[in-house]
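Have a look at the structure below, then the notes.
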Amino acid sequence: MGGHVGGEEVHEAQPLFETEVSKGKLAYRVYAVTVLIGICSIWVYRSMNIPTAEEEGRWAWIGMFMAELWFGFYWIITQSVRWNVTHRYTFKDRLINRYGDKLPAVDVFVCTADPTMEPPTMVISTVLSKLYEEMKCRIESAIEKGSISKDIRDQHKGFSEWNSEVTKQDHQSIVQILIDRRNPDAVDDDGHQLPTLVYVAREKRPHFPHNFKAGSMNSLIRVSSEISNAPIILNVDCDMYSNNSDAIKEALCFFMDKERGHMISYVQYPQSYDNITKNDIYANVSSAVHKVGIQTSLFSLLFYLSSQCSVHDMEQGLKVLASCSYEKGTQWGKEMGLVYGCLVEDIITGLTIQCRGWKPVYYNPERTAFLGVAPNTLDISLVQHKRWCEGMFHIFLSKYCPFTYGFDKIKLGAQMGYCLYLLWAPNSIALLYYLIIPSVCLLRGIPLFPEVSSLWFLPFAYVFAARNACSIAEALACGDTLKAWWNSQRMWYFRRTTSYLFAFIDTITRQLGFSQSAFSITAKVVNDDVLERYEEGTMEFGTSSVMFTIIATLALLNFFSFTAGILKIIWGYSFAEGLTVQIGLCLVVVVINLPVYQALFLRDDNGRIPSSVMFKSLVLASLACLIPVY
């Protein structure tokens with residue numbers, strides 16, 4: 001008996017998860033130190049060779065120095081999440097053996113914001129494993145008409161509140177318990193009890209701030225606390241479905257661990273998609289980033305309210321919790337629930353939780369936990385990143401800046417890890433300078449880099465080669481193709497010159513009081529032609545977006561400069577050896593933009609760049625060639 005008890009004690013003491021340090025840490029640190037030496041050497045070169053006031057290109061040189069200072073600083077920030085990479089492993093069998101059927105309940109929140117861009121059929125598919133064609137037709141018909149037919153309205157009481165005066169921005173609270181697990185008849189075909197299913201549309205009024213998704217989540221938290229009171233909440237978007245039946249159990253391994261579980265606040269799964277093509281033309285997934293990861297999804301929340309009233313009475317009471325005036329004078333959005341004041345509520349809430357002493361967990365299982373729908377046009381992808389980037393830069397400029405709000409609360413490495421994302425926006429300014437000024441100076445014969453024969457050329461060459469070699473090695477090691485890596489470099493370039501630029505401008509203007517936050521929803525559906533081009537790996541433009549004007553202008557400017565540089569060499573004009581690097585830089589930009597040139601001049605499908613964008617870009621690129629250089 002004593003041996004049996006001892007065995008039970010050992011079994012109870014076994015951890016439900018383990019954390020291991022990634023292999024190759026020493027090799028990466030050696031690489032990082034050598035790159036840092038190269039970066040510092042570039043800074044020394046810039047500071048020692050600033051042109052005199054009488055020399056041409058003095059201010060252009062100083063601007064290059066400022067851009068390289070930023071690039072170096074940001075690269076140092078990125079090392080915070082790569083310096084000590086760890087991986088976590090769970091033990092589901094221990095969890096089941098220890099707790100059996102006594103595992104805590106989990107509430108699943110499925111959120112949607114727009115019936116057109118995020119179709120209800122997609123939302124229902126996330127909740128259910130099957131979707132009948134008749135149901136699909138009824139839902140899509142309701143969207144087109146903006147109303148529910150009388151026969152269906154009579155069958156479902158929830159629709160009685162959806163009248164002609166209801167709009168998506170002005171409506172009362174609508175709550176309906178579709179399946180009540182307390183009902184003995186709520187079983188499936190095999191007699192198993194069905195989970196409670198609730199539809200919630202929180203109240204929205206034009207003169208009440210709805211606080212975007214954070215406000216929606218807080219309404220759901222209050223409603224769920226009255227209905228099920230589950231201690232764990234799983235939050236997924238409307239386009240996601242479960243790809244791993246053990247995902248919740250794996251998350252519970254962290255929460256239920258006896259030694260460390262009481263300190264864990266949430267478990268984060270990486271964002272993955274099921275419509276990614278082989279070469280991932282829009283770089284929607286970064287496998288290397290997933291291996292490192294910082295991003296939020298499963299929150300552990302403590303609520304202890306309960307209710308035993310009838311379904312009808314409960315629904316009426318729940319409407320108050322979902323009303324737009326309920327939070328007035330309360331701590332919701334401040335000390336309770338998700339934090340308000342930012343478009344990326346998950347990051348600001350995660351930071352707040354971590355600063356209170358709780359520990360987050362990033363978990364990337366072998367089998368992907370959840371799959372969503374990735375953007376399949378360039379415009380949608382850029383708009384999505386603009387929204388994310390705007391929200392994150394807003395956090396950096398707010399009282400929640402990790403360097404100030406997190407000071408003495410979380411480690412410096414964690415502060416830097418947050419800022420890796422929060423500082424996406426300022427990258428646009430430095431990169432745009434690096435893309436425009438060297439090209440213009442090349443046209444004027446002003447060298448901005450050392451001669452290839454100079455020893456000072458080595459730091460530039462090493463940093464460029466080492467960083468790209470490491471990036472390629474990481475991508476290939478994570479299962480990406482070489483073409484997928486190249487596509488990710490192109491999208492890195494596109495996003496920094498467009499999405500991040502507009503996010504930077506919009507955030508600054510909002511901070512100055514000239515504009516307000518606006519939540520842009522990413523469309524989840526496209527027509528068949530667009531989908532066919534996406535699956536073929538053809539980049540989709542097709543609209544007159546100002547972002548495409550910027551992309552095309554930069555592509556043409558660098559093409560003009562590269563062509564001019566080559567012609568000078570061919571025709572025997574005097575040519576400074578220091579211009580070789582600028583020609584190489586323009587060549588890299590030209591190669592990256594090959595799909596842009598095709599969309600401008602060669603393609604005739606609906607995904608090409610419109611003629612209006614082409615003409616504007618030609619004019620702007622020509623004018624850019626005339627920019628004076630001092």
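Cβ from N, Cα, C; glycine included.
Features reported for this protein in TrEMBL:
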TRANSMEM  26-46  transmembrane segment
TRANSMEM  58-77  transmembrane segment
BINDING   K213, D237  Mn(2+) binding site
TRANSMEM  418-436  transmembrane segment
TRANSMEM  456-479  transmembrane segment
TRANSMEM  546-567  transmembrane segment
TRANSMEM  579-597  transmembrane segment
So what's near the transmembrane segment (418-436) in sequence-distant terms, Cβ-Cβ under 8 Å and 6+ beyond its ends?
63-64, 66-67, 70-71, 74, 77-78, 80-81, 294, 347, 351, 388-390, 392-393, 395-396, 401-403, 406, 493, 496-497, 500-501, 503-504, 507, 554, 557-558, 585, 589, 624, 627
Sort out the residues at least 6 away from either end of the transmembrane segment (26-46), same chain, that have Cβ-Cβ distances under 8 Å to it, and list them.
61, 64-65, 68-69, 71-72, 75-76, 79, 82-83, 450, 456, 458-460, 462-463, 466-467, 470
With Cβ-Cβ distance below 8 Å and at least 6 positions apart along the chain, what are the contacts of D237 (Mn(2+) binding site)? List them in sequence order.
V110, C111, T112, G372
Number of other Cβ atoms within 10 Å of the Cβ of K213 (Mn(2+) binding site) across all protein chains:
18
State the three-class DSSP label for D237 (Mn(2+) binding site), counting H, G and I as helix, E and B as strand, and everything else as coil.
strand
